[in-house]
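Report on one structure; see the data block that follows.
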Amino acid sequence: MSTAVAYHELGEALEGPETLTGGSLSLSDHEIRDYSEIDPLLRSSRSHRLQLDNDNDDHSSLSGHMPSESVRAMLLQILVPFLLAGIGTVSAGMLLDVVQYWDVFVNITEIFILVPSLLGLKGNLEMTLASRLSTAVNVGKITNPREMRNLVIGNLALKQVQATVLGFLAAIAACVLGWALTEDLTVSHASVLCCSSVVTAFTASLLQGILMVGVIVGSKKMGINPDNVATPIAASFGDLITLTILAFVGQGLYDCTGSYPYVSYVLCVLLLCLIPVWVVVSFLHPESRKLLYTGWEPIITALFISSMGGLILDRTVSDPNLEGMVVYTPVINGIGGNLVAIQSSRIATYLHFHSVLGVLPTDARGNHCPCHTFCGKGPNQRSAQVLLLLVIPGHLIFIYVIHLIQSGQTPLTPIFITLFLTAALMQVFLLLCIANWMVHCLWRIRRDPDTCSIPYLTALGDLLGTAFLALTFHLLYIIVDKESDTGN
């Protein structure tokens with residue numbers, strides 16, 4: 001949306017270029033000229049409430065309220081996508097348990113370092129896209145088909161740029177870490193890693209981006225809050241799609257190393273050469289143009305955080321005492337990232353609706369401390385309570401499904417269930433506390449949490465989940481008779 005259009009709509013909403021004095025929200029001519037896409041768009045339906053704020057003593061935030069959402073409605077909207085996301089992560093875990101014995105995974109073990117990084121792209125890209133578009137829909141930025149089309153095209157092109165670059169960087173990180181640990185990584189194996197990572201990131205990002213757009217637009221038309229359903233659906237299909245593409249592309253390229261070694265190089269270079277095309281397309285739209293300059297720090301940092309989780313996975317896969325862990329890794333990581341992404345997206349939408357970037361609403365001041373994450377009756381506290389309550393019953397369902405299909409090699413003993421649920425609960429508890437603190441801090445320093453918070457949070461979810469899961473299996477090995485193989 002252009003600055004002129006933004007000025008016009010703001011002028012209509014406020015019935016003149018007014019300034020809210022006595023507070024931090026100022027709508028002066030200078031600030032209207034600097035209006036950006038990430039600022040909340042004040043719709044005319046909120047103008048009356050905004051004018052009432054001028055008559056109050058405290059003008060630091062907009063007093064308009066988002067439509068009330070009962071705990072029951074919130075739970076029902078979250079539950080179905082949450083279960084779908086869980087089934088998707090369970091399927092990814094079972095698939096990883098099968099493909100870990102394929103030639104490419106056995107002979108190029110560094111590919112395990114890629115797994116959390118590439119699965120984490122749904123947090124870096126898909127969930128971030130879902131959060132941005134959900135906020136845009138909820139606060140009324142998308143008002144006509146042309147705005148919708150421009151926003152979608154720009155964001156999808158931006159996502160392809162980021163996916164290609166991140167896929168290449170993830171492969172470089174895996175090669176460096178793998179070589180530092182074993183020093184036996186060959187050039188042909190490195191080319192397979194790089195090409196597999198770039199092709200997987202590019203293809204999965206394109207498919208999931210189109211899916212996210214359809215989900216957000218469809219949910220809004222059906223009267224469902226996109227914040228509750230978009231990120232779980234991104235998680236439900238993201239892990240399975242990404243891991244499937246990685247396994248088949250990696251195995252295919254590995255089979256070609258003997259007869260057609262140049263295939264990996266040509267395919268990787270071809271996709272890298274498409275980057276300028278996506279840059280040109282994304283540069284044509286204001287919001288994606290800004291993110292093209294400023295949106296790299298969180299996703300690259302998150303990529304390397306996820307790589308640390310991948311390093312832990314790579315080290316534990318080869319440990320016979322921790323056999324059976326691999327099937328649960330996508331589950332605990334996916335569910336943790338899914339739940340914290342919902343909370344982050346909801347808090348970001350709340351802030352966009354009630355205030356302007358850099359100014360915390362009155363009721364949010366001081367509440368971003370970790371101790372206030374679950375204490376209180378506000379909408380963000382209620383959602384945190386609901387999400388935390390979903391952890392134990394959700395994981396009980398998912399680990400039982402794994403046991404029922406007999407994909408996991410670890411028996412469901414009371415000791416294992418207790419240790420696993422404790423690890424999952426600790427992971428989500430820490431993530432929700434960090435999310436509450438991080439989103440408010442990012443907002444206060446004028447960083448859009450829709451763009452910055454989810455990559456960090458899902459990457460931390462991967463790292464915490466993998467670390468806690470490795471600790472769980474290590475404790476299980478200590479507790480159970482060491483002479484029996486805990487993996488059987």
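Yeah, the Cβs are placed from backbone N, Cα and C, and that goes for glycine too.
Nobody curates TrEMBL annotations by hand; they come from automatic prediction.
Pulled from TrEMBL:
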TRANSMEM  73-95  transmembrane segment
TRANSMEM  101-121  transmembrane segment
DOMAIN    115-248  domain 'SLC41A/MgtE integral membrane'
TRANSMEM  163-181  transmembrane segment
TRANSMEM  187-217  transmembrane segment
TRANSMEM  229-250  transmembrane segment
TRANSMEM  262-284  transmembrane segment
TRANSMEM  291-313  transmembrane segment
TRANSMEM  325-342  transmembrane segment
DOMAIN    329-471  domain 'SLC41A/MgtE integral membrane'
TRANSMEM  386-406  transmembrane segment
TRANSMEM  412-435  transmembrane segment
TRANSMEM  456-480  transmembrane segment
Non-local residues, at least 6 beyond the ends, that sit with Cβ under 8 Å of the transmembrane segment (101-121): 92, 163, 166-167, 170-171, 173-175, 177-178, 182, 185, 189, 192-193, 196-197, 200-201, 204-205, 238-239, 242-243, 246-247, 250-251, 253-255, 302-303, 306-307, 309-311, 313-314, 317-318, 329-330, 333-334, 337, 458-459, 462, 466
DSSP-derived helix, strand and coil totals, residue by residue, for the domain 'SLC41A/MgtE integral membrane' (115-248): 119 helix, 0 strand, 15 coil
Distal contacts, the transmembrane segment (325-342) - CB-CB under 8 A, six or more residues away: 78, 82, 85-86, 88-90, 92-94, 96-97, 100, 115-116, 119-120, 122-123, 127, 130-131, 227-228, 231-232, 234-235, 239, 243, 309, 313, 316-317, 383, 387, 390-391, 394-395, 398-399, 402, 407-410, 420, 423-424, 427-428, 431-432, 434-435, 454, 457-458, 461-462, 464-466, 468-470, 473
Cβ contacts under 8 Å made by the transmembrane segment (187-217) with residues that lie 6+ beyond its boundaries: 104, 107-108, 110-111, 114, 117-118, 121-122, 125-126, 129-130, 133-134, 137, 148, 152, 155-156, 159-160, 162-164, 166-168, 170-172, 174-175, 226, 229-230, 233-234, 237-238, 241-242, 245-246, 249-250, 253-254, 257, 261, 263-265, 267-268, 271-272
Contact call for the transmembrane segment (291-313) and the transmembrane segment (163-181): at least 3 Cβ pairs under 8 Å, seq gap 6+: yes
The domain 'SLC41A/MgtE integral membrane' (329-471) - residue tally per DSSP class, helix then strand then coil: 112 helix, 0 strand, 31 coil
Chain residues in Cβ proximity to the transmembrane segment (386-406) (below 8 Å; excluding those fewer than six residues from its ends, i.e. six or more beyond): 71, 74-75, 78-79, 82-83, 86-87, 89-90, 93-94, 327-328, 331-332, 335, 339-340, 342-343, 374, 412, 417, 420-421, 424-425, 428-429, 432
